[in-house]
Amino acid sequence: SLFTNSPTMVIMVGLPARGKTYISKKLTRYLNWIGTPTKVFNVGQYRREAVQTYKNYEFFRPDNEEAMQIRRQCALAALRDVQTYLSVEEGQVAVFDATNTTRERRTLILQFAKENGYKVFFIESICDDPDIIQENIKQVKLTSPDYKDCNRDEVVEDFLKRIECYQKTYQPLDDDLDRSLSYIKIFNVGSRYLVNRVQDHVQSRTVYYLMNIHVTPRSIYLSRHGESELNLRGRIGGDSGLSERGTQYACALAGFIRSQCIRDLKVWTSHMKRTIQTAEALHVPYEQWKALNEIDAGVCEEMTYEEIQDHFPEEFALRDQDKYRYRYPKGESYEDLVQRLEPVIMELERQENVLVICHQAVMRCLLAYFLDKSAEELPYLKCPLHTVLKLTPVAYGECLNPGEQLNTPFLKQECFRALLWFAGSGLSHAGHMTQKLSVDKRWLPWPIKRGERRNPRVGHDWT
């Protein structure tokens, strides 16, 4: 019998162009964000390394014995790497991203998991909507390494034939034959779900997450509140109102949001004055979330950075050693904040267009989720005042470079397009949301180096 905390293998099942890789990457990002070490093993990548040049769909024909042997060896190589990750590197979840469409292949994986003491949870993506399949092929497969230098029509024709090859031997999970297995079936990108034998915390969190995500086009806008009176004095936390400059940013933000003509936009704030006052300038309904409140600095609330160093030198040093896990005396850590924000993330996944007006530490946690940043990177993400970040999920895979199309700065990240607007922390720019930041090829937002300090006069929280 397996231990309660045995590692888990999440096994994807489904025909090509059913969003398995999208689900794999998104689930992995979520589990890592909540502190469960997770890694994707994409068998297609192993196949591309083994076979450098892809010719056509005939490689996937079930009667192509040579190719079948290569594909089996690739799956076995991926399983060996899974074993290394879960048993040697102490990972907790391995997502095995492949079609796994035959009972024979799934039996092989189950036997491997049994021999190594791993739990198994299947995710089967079933789609019979031709429009969804065509959209997936257009958005993902046209840019696949398999189809480099091929024209659009050739790609679509070949890939549809590849799907036909898999359909000949496809054996979906069966309600009777597989009733002892743990799995979720997702029909037509979430129009219906079937869940069977969820057995532990990881599996229940996985189901909970998968039942909340969707692929409807939308944008998420993230902004910190306008500069507050305590920001101006270089003091952290507290619940002060906006400074004059912060009020001007709120007006600039309102003008920008109006200029975007965003359909059915929802506005969320924390319970703190500075976010509420920023939202009130929009003259639209807004919703307050206590979960969006700034990190609780405990006994250090409303102190300057220098005062913390003078009064609590040991705490100051501990925080520098591990900023993510460090907890302020009688306060919170970033790790605590991530747990507090999980319901917000779930609700953001369910929503369409949302503007979140929040705080620096909160914005760092949200960005770390959406941009797949590690716990070590999270506390050092730059989230300057008077800046709006727009995140646009891309439904079926890696985003395209929108830089030329939109003539704006861009951030390329798996499943997201992000645009950055600068309102200006000074009076000269307070009313102009259209001034663009010049950026280089590095990721945005740029990480802050350890030990780097900010001048509170330009509006940075010491969190």
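Glycine is treated like the rest: Cβ placed from N, Cα and C.
Those TrEMBL annotations? Automatic predictions, nothing curated.
Quick caveat, the model's predicted, so the values are computed rather than measured.
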If I go by TrEMBL, which of Arg192, Arg258, Arg263, Arg274 binds substrate at the same site as Arg224, His225, Gly226, Glu227, Ser228, Glu229, Leu230, Asn231?
Arg274
DSSP on Arg274 (substrate binding site), three-state: which is it?
helix
Per DSSP (helix/strand/coil reduction), Gly226 (substrate binding site) sits in coil
Gly226 (substrate binding site) and Glu294 (active site, proton donor/acceptor), Cα-Cα, nearest whole angstrom:
14
Could you tell me the mean pLDDT the prediction assigns to the domain '6-phosphofructo-2-kinase' (3-217)?
94
Taking the residues Arg224, His225, Gly226, Glu227, Ser228, Glu229, Leu230, Asn231, Arg274, which the record names as binding substrate, find the longest CA to CA distance and state it in Å to the nearest whole number.
14
